[in-house]
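Feature list (source: Swiss-Prot):
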type    : residues                   : note
MOD_RES : GLY2                       : N-acetylglycine
BINDING : CYS15, CYS18, HIS19, MET81 : heme c binding site
Amino acid sequence: MGDAEKGKKIFVQKCSQCHTVEKGGKHKTGPNLHGLFGRKTGQAEGFSYTDANKNKGIVWDEGTLLEYLENPKKYIPGTKMIFAGIKKKGERQDLIAYLKQSTSS
């Protein structure tokens, strides 16, 4: 899929202001992402989601994240995630490779 090392740099630049990935990491503006893969939208315990996120009902995996990260507001209209998205597919694949590695250990 992607390159996790490159993905880590993308995460630090574009995601870490609002998200953490480590087990037991705190929620920031966005939820902690540990355990993301295989979880339904809007399910990180202790984070206040919009109804749009809670009701989307998809399960996060490589495919859903690839689509979501391109344009979050288009994928989940009503999400409070203000990030515009990552247009380059390769960058999204690198980020997903990093997330897969960092959110499951």
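Including glycine, each Cβ sits where the backbone N, Cα and C put it.
Sequence features annotated in Swiss-Prot and their locations in the structure.
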residue	record	Cβ contacts under 8 Å, 6 or more apart
GLY2	N-acetylglycine	GLY90, ARG92, GLN93, ASP94, LEU95, ILE96, ALA97, TYR98
CYS15	heme c binding site	GLY30, PHE83, LEU95
CYS18	heme c binding site	LYS28, THR29, GLY30, MET81, PHE83
HIS19	heme c binding site	PHE11, LYS28, GLY30, PRO31, ASN32, LEU33
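The maximum pairwise C-alpha distance among CYS15, CYS18, HIS19, MET81, the residues recorded as binding heme c, is 11 Å. If you draw a 10 Å sphere around the CB of MET81 (heme c binding site), it holds 18 other CB atoms from the protein chains shown. Close to the recorded heme c site, the chain also has SER16, GLN17, LYS28, THR29, GLY30, LEU33, PHE83: residues not among CYS15, CYS18, HIS19, MET81 whose Cβ is within 8 Å of the site's Cβ mean position. DSSP classifies CYS15 (heme c binding site) as coil under the three-state reduction.
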